[in-house]
């Protein structure tokens, strides 16, 4: 029983360490990467270049899945776009 609990605890720890995030990727000025309908492949490329698992155009900006924690994503509370 202790082995099973230890195994489950290890799996939970691995999930915390390998955690990733989803969101709108931002460029150097803090603005979202703009896109238009039909540019899913472009957004997917941009997301995977930032080590995300995938991405698509959630018009009007690129939404990425599985981004590492060090990649900055858009945060409406700390929006610095154009400022």
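The backbone N, Cα and C atoms fix where each Cβ goes, glycine too.
In sequence order, 81, 82 are the residues near residue 31 (disulfide bond), counting only same-chain partners six or more apart with C-beta under 8 A. Under the heading disulfide bond, Swiss-Prot lists 31-81 (among others).
In three-state terms derived from DSSP, residue 35 (disulfide bond) belongs to neither a helical nor a strand segment and is classed as coil. For 35-57 (among others), the entry in Swiss-Prot reads disulfide bond.
The secondary structure of residue 62 (disulfide bond), as reduced to three states from DSSP, is extended strand. What Swiss-Prot lists as disulfide bond is 43-62 (among others), and the listing cites sequence analysis.
For residue 47 (disulfide bond), other Cβ atoms within 10 Å of its Cβ number 24. Positions annotated as disulfide bond by Swiss-Prot: 47-64 (among others).
Computed over the domain 'LCN-type CS-alpha/beta' (21-82), the whole-number mean pLDDT of the model equals 94. The feature domain 'LCN-type CS-alpha/beta' is assigned by Swiss-Prot to 21-82.
Marked as cysteine amide by Swiss-Prot: 81.
The annotation signal peptide is assigned in Swiss-Prot to 1-20 on the grounds of sequence analysis.
Nearest to residue 57 (disulfide bond) in space, judged by Cα atoms and limited to the disulfide-bonded residues 43, 47, 64, is 43. Of all Cβ atoms in the protein chains displayed, 27 besides its own lie within 10 Å of the Cβ of residue 64 (disulfide bond).
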